Amino acid sequence: MTRNRLRSTPVPGVRDAYTGIDFNLGFHVRAYHLDLSYRVGPNRLDGTATLRLDNWEPLTAMTLDLAPSLRVQRITAQGSAGVEVRVSRFRQSGGKLRITFAQEIPVDSEFTLVIRYAGTPRPIRTPWGTLGWEELENGALVASQPNGAPSWFPCDDTPDEKALYEIIVTTDNPYVVAVNGTLLSKKTAGSRTTWRYQVGNPMATYLATVQIGDYVPLLLSEEGAAVPVRAWVPPALRDSAREEFADQARMLELYTGLFGPYPFNSYSVVVTEDDLEIPLEAQGLSIFGANHIRGDHAWERLIAHELSHQWFGNSLGLAQWNDIWLNEGFACYAEWLWFEHSTGRHAADSAREHYAEIAAQPQTILLADPGPRDMFDDRVYKRGALTVHALRVLLGDDAFFRMVRRYVATGRHSVVEPIDLKREVLAEARAVGVPEDEVKNLWRAWLHQLELPPFPEPRR
Ligand SMILES: [Zn+2]
């Protein structure tokens with residue numbers, strides 16, 4: 001049941017314990033080719049999704065995730081290497097698209113599904129608010145964490161199933177379409193323009209995004225930089241965005257030094273005309289609201305935080321949502337590391353301040369498994385960052401950053417679980433003579449017990 005999945009531990013059960021959604025089992029989607037036509041005014045999406053799959057179980061039927069606001073019109077299939085794959089029927093219910101085949105597909109076949117669908121895309125209602133494709137005052141955005149991707153394309157919506165993508169969006173002029181990956185071409189025909197993007201590194205469904213708006217480009221890195229850093233901003237916010245993101249390229253440089261090479265070809269930020277409650281991460285791209293760009297650096301910590309997710313969360317993806325601290329703990333710690341670099345305020349001082357805040361609250365969240373209701377609770381973020389800080393204190397700076405770089409390099413473009421981090425910590429502890437028991441005690445105290453451990457103090 002776990003064969004070929006990116007994760008190292010078995011898939012637990014048949015349902016995602018956090019989203020409450022049944023897994024789509026028996027196959028992998030290797031690549032998504034999404035050809036979308038979007039009309040901004042009426043908020044109308046017409047799509048053809050071509051999925052390249054292989055199956056690790058014989059299949060007579062399979063499911064994908066797709067929101068009921070999008071209706072499938074037609075599905076065709078094509079097997080490769082002499083395998084006949086024919087769709088006999090399909091139906092949509094409860095957010096699932098169930099496809100039945102005319103005859104059983106033998107195990108380890110490769111095949112393609114071409115799914116035509118259309119509708120008025122709407123965000124999906126979830127316990128974490130509405131997620132996915134959302135109409136803006138003047139455009140659209142997609143922010144899907146954790147389970148909003150089916151609001152705009154049929155998919156296997158689970159974080160441990162990464163795939164390659166080609167995303168083609170045709171929309172009305174003069175709107176700009178920003179998508180993950182590399183812009184391959186942009187062609188205008190009449191009143192509409194087609195933007196073709198390619199994502200050449202594996203990506204989780206929740207990190208796929210389309211941003212449509214009346215935007216102008218802004219280069220945030222030096223001309224000819226190895227990793228170009230760009231912004232797409234409403235024309236009226238151009239100057240304040242330039243000011244607000246002035247350090248973005250320096251942040252990228254710092255994190256490259258601390259964590260290893262930036263995992264993708266480029267980094268972009270999109271600033272929407274609308275206000276957004278919080279900034280949002282996607283692969284190779286982050287989304288901020290107009291309210292985050294007032295030119296006063298009030299959101300500097302989140303500008304650093306979202307960038308660091310490119311390493312922690314996007315390149316190193318999660319196998320399951322209960323491990324969310326691996327994303328958010330490192331991203332929060334990356335904020336403190338940025339301030340350590342830019343202001344000289346040591347991360348230990350940031351850690352102490354947040355330790356005091358957490359200590360004043362009830363200790364009701366288990367970091368290793370906070371539960372769906374609390375998965376985005378600030379205590380998960382801060383206790384996660386304190387756990388990272390405890391590891392730094394235990395190993396010492398040199399060994400700690402060596403360990404982090406090895407963890408990042410090993411998990412690159414894949415998924416990680418806490419066991420992968422622990423393995424690197426134990427290896428580094430051995431190398432610098434820290435007893436294994438101390439690693440195990442730290443791990444248990446911070447991750448698997450409710451009680452807040454003492455603040456991590458360096459040994460003398
Ligand atoms: Zn985050």
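First residue shown is number 1, and so on along the chain.
Heads up, the Cβ atoms here are built off N, Cα and C, so glycines get one too.
All TrEMBL annotations are machine predictions without curation.
Listed features, source TrEMBL:
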type     : residues               : note
ACT_SITE : Glu306                 : active site, proton acceptor
ACT_SITE : Tyr381                 : active site, proton donor
BINDING  : His305, His309, Glu328 : Zn(2+) binding site
DOMAIN   : 31-207                 : domain 'Aminopeptidase N-like N-terminal'
DOMAIN   : 248-446                : domain 'Peptidase M1 membrane alanine aminopeptidase'
Listed recorded positions (Glu306, Glu328), ranked by Cβ neighbours within 10 Å, top entry: Glu306
Residues within 8 Å of the His305, His309, Glu328 Cβ centre (excluding the Zn(2+) site residues themselves): Glu281, Glu306, Ser308, Phe312, Gly313, Asn327, Phe330, Ala331, Cys332, Ala334, Tyr381
Cα proximity to Tyr381 (active site, proton donor), best match among recorded positions His305, Glu306, His309, Glu328: Glu328
Among Glu306, Glu328, Tyr381, the recorded positions whose C-beta sits under 6 Å from ligand 1: Glu328
Other CB atoms within 10 A, centred on His309 (Zn(2+) binding site): 23
Across the domain 'Aminopeptidase N-like N-terminal' (31-207), average pLDDT on the 0 to 100 scale: 97
Packing count at Tyr381 (active site, proton donor) (other Cβ atoms within 10 Å of its Cβ): 21
Which same-chain residues, if any, lie at least 6 apart from His305 (Zn(2+) binding site) yet have Cβ under 8 Å of it: Pro279, Ala331, Cys332, Ala334, Glu335
Integer Å distance between the CA atoms belonging to Glu328 (Zn(2+) binding site) and Glu306 (active site, proton acceptor): 10
